[in-house]
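According to TrEMBL, the features are:
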| type | residues | note |
| --- | --- | --- |
| ACT_SITE | His716 | active site, proton donor |
| BINDING | Lys22, Asn125, Arg537, Cys538, Trp583 | 5-methyltetrahydropteroyltri-L-glutamate binding site |
| BINDING | Ile453, Gly454, Ser455, Glu506, Asp621 | L-methionine binding site |
| BINDING | His663, Cys665, Glu687, Cys748 | Zn(2+) binding site |
| DOMAIN | 448-769 | domain 'Cobalamin-independent methionine synthase MetE C-terminal/archaeal' |
Amino acid sequence: MTTFPNATILGYPRIGPRRELKRAVESYWAGRSTEAELESAAASLQDATVERLRALGLTESSAIPADFALYDQVLDTTAALGALPARFADLAGPGGEIGLDAYFTLARGDAERAPLEMTKWFDTNYHYLVPEIGPETSFAALADRLAGIVRRHRARGATLRPVLVGPVTYLLLAKAADGAPETFRPIDRLNDVVAAYRGVIAQLADAGADWVQLDEPALTTEHGSAHVDDAVLAYRELADAAGYDAGTRPGLFVTTGYGTAGDPAAPGQALAELAAAGVDAVHADLVRGARPGTEALQALGDTRFVAGIVDGRNVWRNDLAASADLLTSLEADASVATSTSLLHVPHDVAAETNLPSPLPHWLAFADQKVSEVLTLAAGVEQGPNRSAEVAAQIQESEDAKAERAAAEGVRRAEVRQRTAAITTEDATRADAADRAAAQAERLSLPALPTTTIGSFPQTGEVRKARAAHRAGSLTNEEYDEFLRAEIKRVIDLQEEIGLDVLVHGEPERNDMVQYFAENFDGFAATEHGWVQSYGSRCTRPSILWGDVSRPEAFTVPWIEYAQSLTQKPVKGMLTGPVTILAWSFVRNDQPLAETANQVALALRDEVADLEAAGIAAIQVDEPALRELLPLRAADQPAYLDWSVNAFRLATSSVRVDTQIHTHLCYSEFGEVISGIDGLNADVTSIEAARSKMEVAADLQEFGFGRGVGPGVYDIHSPRVPSAGEVEELLRIALASVGERQLWVNPDCGLKTRGYEETVASLKNLVAATASVRSVDLAAQPA
Ligand code: MET
Ligand SMILES: [Zn+2]
């Protein structure tokens, strides 16, 4: 093997600077292009990526990672191991291989089969496909696709470094296959999977790889850090040259992004153990994780230390002076890298033409981060005698830092004074029982009130009108007119269906976070800043760069109008502070808690204006509450403290008879039940249908005393639930939540659905509720 490159990145955005991959894949799915066309589009994008990275300076052998998943990197590893769940067994090729169509079927399901489950990748908004591993799952070395990529680039003169999810992380991220015995854990299959990895690594070596990257981020989590011993066993096996043809074992590079691997009290120790097992290069995340101890670094011996010092998860320019100092303090020869893959950031700041100046000067997207890595690596090589070029780069980073600290809008006295003056009282409401009584009187709702989560189907018409307005072909007045007609239609429809608490349908919102970013001060929107969320789906997070405030009420006119059309209560609809932070790129120059308080006060202003406009129920959505939960148990209480408090700050100014709702989805919330309780909302709607109301029982067990609306149907598919099905779920919920607390609603908003299935589903929801009210509640009226 060659020596490990001095500068590298752990991964690069795969979607393409203009979302080329998204288009190519979606066109293939739609039958508009052939497999060959898709492969050729993917190959062109790879070539462009490799050329771009070389032009930026990643010219050392093996410095460029080959991480070109068409859908997801965990699914790629599943494919390389041939680890097909039983229900997909028929998709295997003659040699057990998972071809292109099989690959996409695992990701997207088909008429008979549900796809692999999708879940969040560590504490990010990227979603991976969960492997399903059972005692019978067969593993094989089927790395043809990845080997082919390595080979193709070799022929073009570049030795790339193929990337796989490492064996321990792969199994820790997997779930037990259906039918596996209770006691079975996927990690029980470590020996078998390692044998397959060995074959995969040999295939990659055969294709010309000098180094193979194995990502082991699971070692940085609370649960995974207890598996360092397993990793040592696995890598001892993988590093054993006896398993390879003479002299062909490539270098093994193990990465540990997203935190500190192993025991956080002994940072670096896990890396030293991996080195002792025979791993040739080990990476530590120096942004989210702790700096490895000096002794641990010394114990690495010949194993190369790779310092993940350029943040793979934010969009801010690196503080090069501070990073250079940290690298010097390591007193070890180190390579320089990113903290994680750059998958989480957009491609290139230079592509942005509309960002307010001087914001671009403070930013670093993937391409800028590559340059930062190279500068820092050059600095390490040069030691105390820095070249003029490196010195100039460091100076520029210092200048940007100073400019940013002093720039207008970054720190605004009026915002600072408000957050400094926050008191406990600001986050405190009257007793829940008093609120319930006052709200019952004001709203006079039936038992088991029915409602929806906020959005109604965003039809092609709505999207077209928004685009026309943005392009200027629809005037403000015309667009307003259109939105009002849409709101009226949605209100009339809900009246007709017979729902109790109505919504305006959110037609004016492109996205539940971006809409708030556009109406608050302190945020900027990018034109091309797309990042992959899952598969071909991308989001374009706003950049929260300055102090946040709300110049004027912006949701009030729509809600007020909707309320004017009906006697029934219409919910005000806001996105909560934690979710706004989670789905934006957030400033890194102050604690998240401080930024959360600013956002909370901006929302508090909107809440006050909604209340003043006569709105009796206000919903503040926090679907991302679980997403930002720190990976380590020790860090979780502090997080729940500030995040919960921010929500309370946003919602606690209201009168006793104003009903505060919240909504949570996308996650298992079992771990944060105490946080949900802490939000102190009068009504909490929560995704529950797929887990058969489990969360209702969890809440009950916790002693949750306020309103609960466990979702009675899954909105992720067009399937219409029957009234009988909804009734059954309601009865399960009723058994734990009780009729005084139970609300009836779908799992989440309806914006991705069509009208036909929405109307049918909601009618069944209302019918089921009526039946449960008359059958189950008749005996003991509330
Ligand atoms: C991801 S949660 C979505 C909540 C929002 N109010 C909606 O209905 O779309
Ligand atoms: Zn939701």
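Here the Cβ of each residue, glycine as well, is placed from N, Cα and C on the backbone.
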Residue from Asn125, Glu506, Cys538, Asp621 whose C-alpha is spatially nearest that of His663 (Zn(2+) binding site), among the binding-site residues: Asp621
Largest inter-residue Cα distance among Lys22, Asn125, Arg537, Cys538, Trp583 [record-listed 5-methyltetrahydropteroyltri-L-glutamate binders, Å]: 20
Where the C-beta lies under 6 angstroms from ligand 2, the matching recorded positions among Cys538, His716, Cys748: Cys748
The one of Ile453, Cys538, Cys665, Cys748 whose CB sees the fewest other CB atoms within 10 Å, among these binding-site residues: Cys538
Residues among the recorded positions Lys22, Gly454, Cys538, Glu687, His716 that border ligand 1 - Cβ under 6 angstroms, in sequence order: Gly454
Proximal residue to Glu687 (Zn(2+) binding site) among recorded positions Asn125, Arg537, Cys538, Trp583, His716 (C-alpha distance): His716
Candidate nearest Ile453 (L-methionine binding site) in space, where candidates are the recorded positions Asn125, Arg537, Cys538, Cys665, His716 and distance is Cα-Cα: Cys665
Nearest-integer angstrom distance between the alpha carbons (Cα) of Arg537 (5-methyltetrahydropteroyltri-L-glutamate binding site) and Glu506 (L-methionine binding site): 21
Shell of the Zn(2+) site beyond His663, Cys665, Glu687, Cys748, same chain only (C-beta within 8 angstroms of their C-beta centre): Ile453, Pro623, Leu664, Tyr666, Ser685, Ile686, Gly711, Asp747, Gly749
Cβ packing number for Asp621 (L-methionine binding site), 10 Å threshold: 25
Nearest recorded site to Asp621 (L-methionine binding site) by CA-CA distance, among recorded positions Lys22, Asn125, Trp583, Cys665, His716: Cys665
